[in-house]
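The disulfide bond feature in Swiss-Prot is assigned to 7-43, 23-39, 26-52; the stated evidence is similarity to another entry. Residues annotated as valine amide in Swiss-Prot: 71.
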């Protein structure tokens with residue numbers, strides 16, 4: 001996993017793993033290195049992360065992920 005330096009502060013490891021997993025799964029879906037990097041950019045607060053949520057059919061969990069990246 002690539003830790004984006006924009007993620008600062010104290011983190012819940014389980015929460016971080018869950019967010020990171022979205023980016024890993026999205027990378028596995030598309031097999032493009034920039035997907036994994038861009039997905040994590042801005043501590044997961046970006047359009048690529050949101051698109052990954054949609055592409056992985058996780059829209060039912062969108063509110064949970066949105067709250068997580070605002071912590």
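Every residue, even glycine, has its Cβ placed from backbone N, Cα and C.
Features recorded in Swiss-Prot, as mapped to the structure shown.
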residue: 7; record: disulfide bond; CB count, 10 Å: 16
residue: 23; record: disulfide bond; CB count, 10 Å: 23
residue: 26; record: disulfide bond; CB count, 10 Å: 23
residue: 39; record: disulfide bond; CB count, 10 Å: 26
residue: 43; record: disulfide bond; CB count, 10 Å: 20
residue: 52; record: disulfide bond; CB count, 10 Å: 25
CA-CA, which of the disulfide-bonded residues 23, 26, 52 lies nearest residue 43 (disulfide bond)?
23
Please report the distance from the Cα of residue 23 (disulfide bond) to the Cα of residue 52 (disulfide bond), rounded to the nearest angstrom.
7
